[in-house]
Structure formats: C-alpha cells, structure tokens
Amino acid sequence: MPSYTVTVATGNQWFAGTDDYVYLSLEGTAGCSERHLLDKPFYNDFERGAVDSYDVTVEEDLGEIQLIKIEKRKYWYQDDWYLKYITVKTPMGDYLEFPCYRWITDEKEVVLRDGRAKLPRDDKTQILKQHRRKELETRQKMYRWKEWHPGFPLSIDAHSHSDLPRDIQFDNEKGIDFILNYSKAMENLYINRFMHMFQSSWSDFADFERIFVRISNTISEYVMQHWKEDFMFGYQFLNGCNPVLIRRCTEIPKKLPVTMDMVECSLERNLTLEQEVKAGNIFIVDYELLDGVDANKTDPCTIQYLAAPICLLYKNLENKIVPIAIQLGQKPGPDNPIFLPSDATYDWLLAKIWVRSSDFHIHQTVTHLLRTHLVSEVFSIAMFRQLPAVHPLFKLLVPHMRFTIAINTKAREQLICECGLFDKANATGGGGHVQMVQKAMKDLTYNSLCFPEEIKAKGMDSKEDIPYYYYRDDGIKVWEAIKSFAEDVIHIYYESDEVVCEDVELQAFVKDIYVYGMRGVKASGFPKTIRTREKLAEYLTVVIFTTSAQHAAVNFGQYDWCSWIPNAPPTMRRPPPTEKGTVTIEQIVESLPDRGRSCWHLGAVWALSQFQDNELFLGMYPDEHFVEKPVKEAMEKFRKNLDEIVNAIAERNKNKKLPYYYLSPDRIPNSVAV
C-alpha cells in the first residue's frame with residue numbers, strides 16, 4: 001500500500017505547541033485518505049519549535065496531492081497551536097510543501113494548499129476554486145471594516161486587541177501594552193519620580209537635563225548641545241524625524257508679508273529676496289493644518305496652546321538650510337509679527353521653539369499616525385479580505401503586514417482614544433489629533449505616497465542644489481530596491497498586462513483600498529483598478545515602502561530628536577507672543593511643558609523608538625510562504641541590493657557627528673509594529 005511521509009513543524013512562539021488530539025487527511029486528484037491521528041495528549045509531539053514526522057499509509061494511490069486537512073480536537077482546555085508548515089514526501093519520492101504560518105484554535109478544520117503560488121486563472125479544478133472562494137468568504141467575516149471617526153480611513157472592526165483574529169494578534173500582548181511600556185520607559189530613564197508633577201515648571205533649560213542625561217546617545221546629546229543654533233533648526237527639516245514638510249518656495253505667499261529689508265542681513269549672495277526665490281534658494285514650511293485645531297482642554301489646571309506658524313528658510317553659501325523668517329499665525333497683522341534672526345535672542349528662540357512644537361504635532365498625528373499607521377492598516381485589511389493565501393501577492397505582502405492591525409487596535413484602545421495616554425502630555429490631545437487627521441485626509445493622495453514623486457513635487461529632488469538631504473537620497477535607493485523586487489515577482493506570475501487585468505482578486509484588493517481606505521474620494525488619486533504590470537509594480541512598491549521604510553524614517557528617530565524637550569515641546573503653556581522685545585528666559589521656561597508632561601513625553605518617545613523583540617528587518621522572510629526557486633532567487637537579489645545600500649550608508653556616516661541611518665535597510669522593520 002502507498003505510504004506518504006508527513007513532516008509537521010510547530011512554531012517557536014511561546015505556547016505554540018499543543019497537547020490536543022491532531023488529525024490529518026490528504027486529498028488528491030484520485031481520492032482522499034482516511035483521517036489519521038498524528039498526536040494525542042502526553043505523546044510530547046507538536047511541542048514548541050518541534051519538527052515531527054509520521055508515515056501515513058493509504059489503501060491506494062491518491063494521485064497529485066491538492067489539499068491537506070488538519071483537525072485539532074480539544075483534550076482538556078483551550079490549547080492554541082501554531083503550525084508553521086507541513087511537508088509531504090509522496091510514494092514517488094517527490095516533496096510537496098504546504099505553508100501554514102497560522103494559529104489553529106478551537107476545534108476547527110484547517111485546509112492547506114501546497115505552497116506554489118497561483119492566480120485565480122491557474123485553478124482548473126472545482127475543488128481548488130471552492131477552497132479559494134471559501135477562504136475569502138471566511139476571512140471577510142473575520143476582517144470587517146469599521147469607521148473609528150468620521151472622515152478617517154476605515155479600520156478593523158474590533159474594540160480591543162483580544163477581539164482580533166488570533167493570527168494577527170501579538171504573541172505577547174504585554175509586550176505592546178502602551179501604559180506598561182511608557183511606565184517602564186520612565187522607570188528605566190529614572191524619571192518616574194517626576195511623572196506626577198503636573199503644573200510644576202522647570203527652573204531653566206539646564207534643569208531639563210535632570211531627565212535627560214541618564215541615556216547616552218550621540219544624536220540626542222548633540223541636539224541638546226546645539227538645539228538653539230539656526231543650523232540645527234534647519235537641518236531637522238531635512239534629516240530629523242519629520243523630514244517630509246519642507247518644500248522649495250516658488251513664490252512668497254501673501255499671508256507672509258516678509259520684505260527684503262527684513263531678511264537682507266540673512267541673504268549671502270547679493271541678490272534680492274525675489275531673485276533668491278527665482279534662484280531656488282528659498283524654502284518654506286507651512287503649518288496651516290494646525291490653524292483652528294482645538295488645543296487640549298482635558299486638564300482644567302493647565303491651559304495649553306497651539307499655533308500654525310509659517311517658516312521661511314534659506315540655503316546659504318555653505319549649502320546649509322537656515323531659518324530667516326517665522327510668523328506664528330496664518331493671518332498677518334500687528335499682533336502677528338514676523339520674527340527674524342536679527343531680533344532679540346529670546347524673541348527668535350521662542351519663535352523657533354513654537355515651530356518645533358508645531359512640527360512635533362504634525363509629525364505625530366499626520367506624518368506618523370495617518371500616513372504610515374492608518375494607511376498600512378488599510379493595506380492589511382484589504383489584503384486579508386481579498387487575497388487568499390495561495391495568491392502570489394498575499395505571499396509577497398503578508399510579511400509587511402505583521403502586527404500592524406494589532407498595534408493600531410492597541411493604540412485605539414489605550415493611546416489615541418478619549419482619555420488615552422496621548423491626552424496626558426500633548427496639546428493636540430483631547431480631540432485635536434482627530435481634527436488634524438480629518439483635515440489631513442485631503443492631502444493623502446496616491447502620488448504623495450510615491451516617494452520619488454512626492455520629493456519631486458516639493459522641488460526637493462536635486463542633489464546638486466540640496467546635497468545634504470539624506471532622507472531623500474536613502475529613500476530613493478530603498479524605493480528602487482523594493483520596486484525592482486516587486487517587478488521580479490510580478491514577471492514570474494504575470495506574463496502580460498492582460499493577466500493583470502484578469503486577476504479578479506487583485507482588482508478586488510485595489511478596489512477595497514480605494515473604496516474603504518480612501519473612502520472613495522476621487523481626488524485621492526488612488527486607482528480603482530490596475531491594468532498594467534508597470535502600474536502594479538509601482539502600487540506594490542507604495543504598499544511595501546509605506547509599511548516598512550516610510551514608517552522607519554519617521555518613527556525610530558523620535559528619541560534622538562524629541563528627547564530634548566525644548567527641541568520638540570509636546571505642548572506649550574503660554575500663548576504665542578504677539579509683539580517683539582518682551583520675551584524673557586522665564587517666559588520661555590513657563591511656556592514649555594511642566595515636569596509631569598515632560599516625563600510622559602520622554603517615556604513615549606523612548607518606547608516608540610525601540611524595535612520589537614525578534615524584529616524582522618527589510619528583506620528578512622523566515623516564513624517561507626513562497627516555495628518556488630525563481631522567487632527565492634528574486635529574494636536573494638533583493639537582499640543583495642539592500643546590503644549594498646547598508647554598506648553605502650555606513651560609509652557615508654563614518655565620522656559624522658550627525659549620522660543618518662533611519663533608512664538603512666538593516667534598521668527598517670518589515671512592517672508597522674510599534
């Protein structure tokens with residue numbers, strides 16, 4: 001009688017093993033096997049990290065094996081099991097791989113297909129078509145869209161982390177408990193003694209060092225030492241943790257009535273301001289989105305303030321970007337002066353602090369939350385709803401969706417919810433952050449997520465004109481590496497544009513993102529369909545780049561750039577100055593966050609800047625969803641390209657006082673998971 005050798009691999013996660021009854025049956029083109037008992041309680045099979053083999057004898061040859069059915073029956077108590085994969089050696093000596101990489105919970109039957117990626121058109125038999133359809137029907141019941149706030153991209157329908165499907169939950173929920181992590185961070189930073197000291201001001205700038213110097217970090221220490229300098233202020237627009245706002249100024253806006261007399265002493269080329277604009281030497285950052293946003297009112301003992309400044313910058317003869325004019329409100333007038341480097345020292349310093357505070361708010365809520373976390377969740381939900389596990393694009397994308405829905409759900413549960421942690425220290429807490437996302441949705445376009453296009457649209461694409469924009473330089477390299485990898489995979493499975501058009505599951509995935517993620521807004525520019533391999537490669541690059549590189553660029557530098565509180569105040573406790581010549585050092589310190597808010601802020605930026613335990617970085621694919629040799633060769637090529645980028649960045653950073661490494665692929669996690 002024919003005999004099949006079945007090998008079963010259990011995951012390495014905590015509690016991945018099982019003591020339940022486990023049954024297996026094989027289904028082939030010529031028939032089905034009986035149900036075989038592989039394990040029963042106390043046999044010590046299927047332990048964490050184990051690889052167990054069994055001989056399955058059948059009455060007659062089953063033909064080509066198409067499906068494997070796994071059943072787990074409870075012995076005593078709920079005992080989830082993480083199944084990595086099953087391999088089958090046929091009587092002819094052939095090996096078939098059946099990837100799973102899922103938790104098997106309750107007493108359900110799990111049906112697996114072999115690991116070869118298949119488009120819908122490739123399935124010829126009814127049994128395979130039915131399996132494909134049933135998987136998506138089941139997933140669409142589990143992964144439901146829900147509106148968290150009006151105008152937001154839709155998110156997962158789950159009130160808490162524990163409500164999520166087991167497959168997308170964190171292995172250890174305590175590891176992503178924001179309250180626990182923030183408290184632990186403050187304890188590790190030796191600042192927990194200050195955390196309840198709300199309304200208690202620091203005495204001076206040096207006093208902030210009491211919560212700072214415990215951690216030795218090159219960039220954060222450099223920021224502490226140089227934060228007052230115009231060079232450091234301008235540099236952050238290029239290579240800080242929010243390097244996405246600066247754009248070349250093609251015309252001085254009427255709402256910023258700056259004159260040549262005001263800035264003449266800052267210009268170095270003997271040109272007028274208008275000539276400097278035409279020469280491409282003037283840049284602008286406009287925080288208009290903050291205009292009209294309500295400041296945090298959750299603490300009646302502390303009035304908090306927001307501003308919507310406009311900052312004009314200049315590229316000097318050393319090719320450094322420096323500020324030359326700051327207006328703290330959107331409407332010009334006598335009570336909204338334009339602050340200049342030639343003003344009194346504290347006037348100019350406070351104006352820059354207000355810009356840094358406004359930049360922090362835009363970074364946290366728009367650049368970080370909306371444009372990486374919420375957008376990545378849209379991609380994740382659409383993938384689970386519309387792409388079955390056998391689809392090549394599911395196999396390509398699933399590593400880049402790891403824990404994204406889980407971290408966002410936890411954030412809605414503890415961090416950005418009403419009375420959440422975000423309200424404790426941030427002037428945009430208490431609902432302001434919701435208003436900001438709603439306003440920012442109009443600028444969330446498909447083209448703005450295409451990294452090279454966005455850089456070009458802002459007039460920031462010339463290396464000759466702007467030589468020290470490392471975010472741009474490294475981002476372009478990583479974008480091109482991802483795009484090349486996507487193209488390689490696409491050409492393996494899509495032999496023509498016609499095949500792209502015919503892929504109904506791909507089209508459903510794209511439509512889900514447009515209709516639910518972008519709320520069907522035509523102006524977003526998100527495609528409703530994809531017709532060519534070239535467009536598909538770009539689209540997949542947007543997805544992978546956003547979930548990996550873009551998030552890394554704006555997340556993991558938060559401690560570096562925001563831990564020195566005066567450089568990134570999460571709130572301001574006095575209104576913006578309305579006249580010049582009155583600012584004192586005491587007024588600045590009273591404007592900055594109190595001791596309690598400073599500590600919550602520091603704990604937050606520390607916790608958010610840490611990688612996950614067992615982090616998987618770009619190009620690392622330990623779960624072998626793909627089994628075909630051509631794809632594995634494409635992955636190897638991808639890793640080689642990434643290694644070259646890592647080496648180039650390391651070489652450039654040698655001996656730099658301010659190294660830029662946030663887009664080095666060995667520091668880019670595969671997915672949004674923190």
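For all residues, glycine too, the Cβ spot is worked out from N, Cα and C.
The Ca(2+) 1 binding site annotation in TrEMBL covers GLY17, ASP79, ASP80. What TrEMBL records for ASP39 is Ca(2+) 2 binding site. According to TrEMBL, the Fe cation binding site annotation covers HIS368, HIS373, HIS551. What TrEMBL records for 2-118 is domain 'PLAT'. The domain 'Lipoxygenase' annotation in TrEMBL covers 118-674. The annotation site 'Essential for stabilizing binding to COTL1' is assigned in TrEMBL to TRP103.
Overlay of TrEMBL annotations on the structure.
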residue : record                                            : CB count, 10 Å
GLY17   : Ca(2+) 1 binding site                             : 21
ASP39   : Ca(2+) 2 binding site                             : 22
ASP79   : Ca(2+) 1 binding site                             : 17
ASP80   : Ca(2+) 1 binding site                             : 16
TRP103  : site 'Essential for stabilizing binding to COTL1' : 19
HIS368  : Fe cation binding site                            : 21
HIS373  : Fe cation binding site                            : 21
HIS551  : Fe cation binding site                            : 24
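Residue pair HIS551 (Fe cation binding site) / ASP79 (Ca(2+) 1 binding site) shows a Cα separation of 35 Å. Residues HIS368, HIS373, HIS551 make up the record's Fe cation site, and a Cβ search at 8 Å around their centroid adds THR367, LEU369, ARG371, THR372, SER376, GLN550, VAL554, ASN555, VAL672 from the same chain.
Across the fold, the C-alpha of ASP79 (Ca(2+) 1 binding site) and the C-alpha of TRP103 (site 'Essential for stabilizing binding to COTL1') stand 10 Å from each other. Each residue contributes its Cα atom, and for ASP39 (Ca(2+) 2 binding site) and HIS368 (Fe cation binding site) these two points are 47 Å apart.
ASP80 (Ca(2+) 1 binding site) has TRP103 nearby among the recorded positions TRP103, HIS368, HIS373, counting only those with a Cα within 10 angstroms of its own Cα. In this structure, the C-alpha atom of HIS373 (Fe cation binding site) lies 24 angstrom from that of TRP103 (site 'Essential for stabilizing binding to COTL1'). Residue counts for the domain 'PLAT' (2-118) under DSSP, split into helix (H, G, I), strand (E, B) and coil, are 0 helix, 62 strand, 55 coil.
Note on the domain 'Lipoxygenase' (118-674): its mean pLDDT in the predicted model is 93. Between the C-alpha atoms of GLY17 (Ca(2+) 1 binding site) and HIS368 (Fe cation binding site), the distance comes to 37 Å.
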